[in-house]
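A.B. asks: Okay, handing you the structure first.
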């Protein structure tokens, strides 16, 4: 079967040359078969597979195989031809080196693509390449079926009655087959459970092996000494290739035909990625099989975290209802009752633009604050500290189970160096373990790289803090500008206009800094040049989280711990001295700062989650629709030209750091749930609702809206576990400080036990408000007459200060109650932290990291692996003895007389003719 581009070539030298199907070959649909294609001369020289004859009509296909319908497509490389001869030479050299590695290639000519410009290079890895690299990568493969578990007893009718309503359909997705596994070894191939060579390696493992080859293949000539010209990543970065991706297993809407089972993508969509499956258990083993270990582990962690939020959400709702009940019934111990019935006049909170207010105007704010600032809040804060510890410890156990079931243990010890590291490293050393030469970065080089990186990180974090301070200064500056206009409308609207514009400015700064810092973080991580991909991702994660932590939590920290702390009394000295002094006038409502903290936390947390989910699913959908629409409109009759690789190419691509944003979103949420939970007990409930939706949105996105991600091996969730543990310890301190310094819990206790005459909180509000003589206002501080023309002799303000009365030596200085409250606050923080951290430490110590059943299974698997190695060695020795005996008989027959030799050889031949062929694999 010849075409013009292949004439004169040896058919056997073409790895992708199509052959006519034999009787026992796979049944081939004639509508999906194409014989060969005319390709460019420079590609023909590489012995790559042609795809179609020039004059043959192309049919629409949704195949995952080469056009011989036998060899599975493990990876697709897309590129466009341009006038850059250097890129063309790199592609040609790279593809030649791929063939020399044993991969088989088939090129889809650009005239068969929807846009008429894009080439698609399909890559297939044959069995010998798969087994060779599986051994190199130490892939764990099944060697023996696991011990069967005892079946449930009882009649079938009773067993069907207790079926879990949250379980996915096990008729469509059966339970995962369980095997004991061992590192693959070609010499012991006969010991592994190989039911079929086509299905022994999953599609994720096949693409993972091919990607390793692509990462380590050079695109420079053999005589070139430039070690940096290696790997598909560099070719993607310099534009030689547009994309590299494995194919999806068909369409997610495809139904089974002719008795064939549903493809894995369709199964995942039905039982995992659509709204109807929102409350079903995740089929994690199929997720891992289809997307690889890294994606599977992310969804396992997200599902576990969501399940752990259930008790936290229930307790948070319970605490909220306690506050609701106490708000209406606890008259003697609810300060909001005194506020609502008060006729106290409060001093202006700012310079000239603020007016006198009645304390009763803060009634609503005080009632809402009491929903979250009541005695039950302390209990909830302690509960959440224990919850966070239990979450981490139980996840550690769950991760140990997953690591055993998925064979993830010790992967980081076996992980190879990144090709980029090997290309940039200038030093070499003998590995003390393997005794082989390896690329190495000296201690001094690492030190200076990390010093430079750390300096830039500190500078960037300082910019974020400066931006928060700048927004505060902006508010005061704009209010001053409105004051100078003298217009009544602007004077009355100054606060609301300033708040809206300041919030908008803060949002713009956050968005700009976020995009800028991401690029800086990638550049700094490349500068550090970590050795392995795991170290690279961990380094990038710490940088980005440090920035996001300051970015998202800085405003909350300011409100909780700094706002209103520098305010002394109305008309304080040096108020107009500079802008820094004026920031002291940024104060809270008379009801306290907790209400503002609660509102800020709720808006940031809920708003961020809703917006993120909306963008996360809508943006890929719009982009995919636009690319598919553009592809289908470029060529007449393209509905039949839209192949599987083109459909996947038009989907949104995922990079190696694709899961970073997913983890970051959840870890930031974890911070909202734990760090400031004393201010917003309903945070776990909103987090739970969001996560139930998040799991299905992410599943829908991965199954339907994105290209199939590259399968990657991981040992655990990486740096995120350390970050979660750090947040957990930080949450204990934050909640202690919020209860002690932001809420009124401690001042109420001090008043109750030390100053109350009735044994209740009656008179508490009056005791926390100091008296100020309006005659002591500095010139120009009193409210503008156009805003408020009322006059009072005295007014009240929040604080524990002495009044300016006759005989007072230091008017407006702190009184004794201030020091009592301050001392009680410090004592509470110390006791709370030590008790909670001590108890959580005992719990963490008491819970073993690895369940006993898993330890037993690990020991049994090691025993079976040793037995398999022993059997393999005995098998090899047996074959060697048989070979030696055969050779000895042959030599003996050669030394015998001629007649006897002829007779003996005939007898030997007859005996050997009945023997099965020897297997020398061992």
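Yeah, the Cβs are placed from backbone N, Cα and C, and that goes for glycine too.
TrEMBL: automatically predicted annotations, no manual curation.
Keep in mind it's a predicted model, so treat the numbers as computed, not measured.
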A.B. asks: Between the candidate ranges 696-718, 719-741, 742-764, where does TrEMBL place the transmembrane segment annotation?
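C.D. replies: Residues 719-741 are the ones TrEMBL records as transmembrane segment.
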A.B. asks: Please find, within the list 336-355, 356-375, 376-395, the residue stretch that TrEMBL describes as transmembrane segment.
C.D. replies: 376-395
A.B. asks: Looking at 211-239, 240-268, 269-297, 298-326, I want to know which stretch TrEMBL calls transmembrane segment.
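C.D. replies: The range carrying the transmembrane segment annotation in TrEMBL is 298-326.
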A.B. asks: Please indicate, using numbers and ranges, the residues of the same chain that are 6 or more beyond the transmembrane segment (719-741) and have a C-beta under 8 Å from a C-beta there.
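C.D. replies: For the transmembrane segment (719-741), the far contacts come to 377-378, 381, 384-385, 388-389, 392, 395-396, 537-538, 541-542, 545, 560-561, 594, 597, 663, 667, 670-671, 674-679, 825-826, 828-829, 832-833, 836-837, 840.
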A.B. asks: Apart from its near flanks, which chain residues at least 6 from the ends of the transmembrane segment (826-847) lie with a Cβ under 8 angstroms of it?
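C.D. replies: Hits for the transmembrane segment (826-847): 382, 385-386, 388-390, 392-394, 397, 729, 732-733, 735-737, 739-740, 746.
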